[in-house]
Amino acid sequence: MLPWWSIKHSFYAEMGGYRVVDKRSGQMYCFRPLQLAWLHKEKIIEIPEISTEDIDDRSGADVLAKILACAQSTWFLVPTSARLQQKLTLTTLKILLLPYVAVTWMIYFFWWTKPLRMESYTKIPVESLPDAKLIQLAKATLPVDEVPNWWRPVPLEMHDRAWEFWWMEKPWDLKRVRVKHTNQLIPIQLHTQVARTMAESWVADWYRDAVNEAHPSEWDCWDDIVIYLSGNFIYGFGLVAWDYRFPTPAERIVWRVSVLTSCGGITIWVPLAFMLRWLRPGNTWKELPFYVLTVMVFAARLIIIAQVFAGLRLVPEGVFASANWSSYIPHV
């Protein structure tokens, strides 16, 4: 679309770096990249070119800090790798830290060019943005036709079995309370078009002083897959210590059960949700499995953390052995 546009500009726009200002009303809109792209395509606005150096000046991100963070995590892996190569014992604390190092690298890989703590923004003046144009913008870029789960038609008998998804009910109710403080700023003509739809909260965010970072502007199944795989990777990495020499056999069994519970809990969470969503509202069996599963996963994670530190009282002798660095560092 724009020859000078880069991934850093996308981050900048996603964080609310561009603000569209209506000259006639003085209203400032905090649009996301989808809205900015549509307005630019319709020749309503002209996105001003801004250099990556200028974005860096507006950001509080420090490349040196990122390098030091990656170097620190890398240095953690150096002695750990040496111990593994020489078949020296690791503590369960180090074993559980390994997946967090991998996730840290992944985050820095994708966010290396992302600005941090934007201290200023770029204004894009426009002659006017009438309600009709805003309605057109919302319909083109937001899910105006999708009804959220916190809204239900009456009477109750009209509900489809798949209409309610209890897991989304309470969060959306809480989010709607937050939106009520902002949707009063939405013009009436626009609000009537988006009321009680998934787009209502998004349009309300246009009138906020800053970008609502509670959700990204785009989300699809791939994002869910990445989160699911990352969670399973972190929770399931404890299986590496399946045959670890714990202080007692009972602690080894507790460790295995806790790791399997935490890993298996989030694995069956989604399919369980889709199965239970077909139950009628008010069915006791609809919510009970989620409460039980949540308690089990959190309890398992707490037990694992407690075991990590409790196990330090009596570690295998190999933990105190030092890696032989002379085999890795050339010397005379």
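Keep in mind that glycine also has a Cβ here, set from the backbone N, Cα and C atoms.
Annotation source TrEMBL lists transmembrane segment at 93-111 (among others).
What TrEMBL records for 225-242 (among others) is transmembrane segment. Long-range contacts of the transmembrane segment (225-242) within its own chain (CB-CB distance under 8 A, at least 6 residues past either end) are made by residues 92, 95-96, 98-100, 102-103, 106, 255-256, 258-260, 262-263, 266-267, 270, 301, 304.
Outside the transmembrane segment (254-276) by six or more residues, the chain places 92, 165-167, 228, 231-232, 235-236, 238-239, 241-242, 244, 246, 285-286, 289-290, 293, 296-297, 299-301, 303-304, 307 with a CB less than 8 A from a CB of the stretch. Summarising the annotation, TrEMBL assigns transmembrane segment to 254-276 (among others).
Taken from TrEMBL, the feature transmembrane segment applies to 288-312 (among others).
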